[in-house]
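Everything on this sheet refers to the single structure shown next.
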Amino acid sequence: MEIKCHRVSGGCAEGPALVTRERISFLGNVDPETGVVVDPAHELYGRSIAGVVLIFPGGKGSTVGSYVIYQLRKRGMAPAAMINLKSEPIVAVGAIISDIPLVDRVPEWILDVKDGTRVVVDARREVVVLPDGSVKV
């Protein structure tokens, strides 16, 4: 199934989905050395964001979060791609300077995709590709 989206940062990537309904502050929620979510109050606590298609409503917090995303990329610990309901400047800048595909303006039911589902983010074509039957719409 192809879902139309809006390109924030170009490129194409695929990987297993990692989904949260909570916003992410890259400064404080994520260890920039390992890519592991270190905030015990976050639902992704203890999970790695490295190599996944990270699906979350959007970012929050300090502008330093953009640089944390860049650090993650330099260390090979960044998400393969990111999908937001609505991107904000911190995540957008982080994705752009790190060359990570980022799209937004997707249906809210994208947050119902199961972790591990293979997702393709083709920001060039402004589509997200999900396997048929991966989510009930």
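The chain as shown is numbered from 1 upward.
From the backbone N, Cα and C atoms, a Cβ is placed for every residue, glycine too.
As given in Swiss-Prot:
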type	residues	note
ACT_SITE	Ser62	active site, proton acceptor
Let me know how many other Cβ atoms fall within 10 Å of the Cβ of Ser62 (active site, proton acceptor).
14
So, in DSSP terms, is the residue listed as 'active site, proton acceptor' helix, strand, or coil?
coil
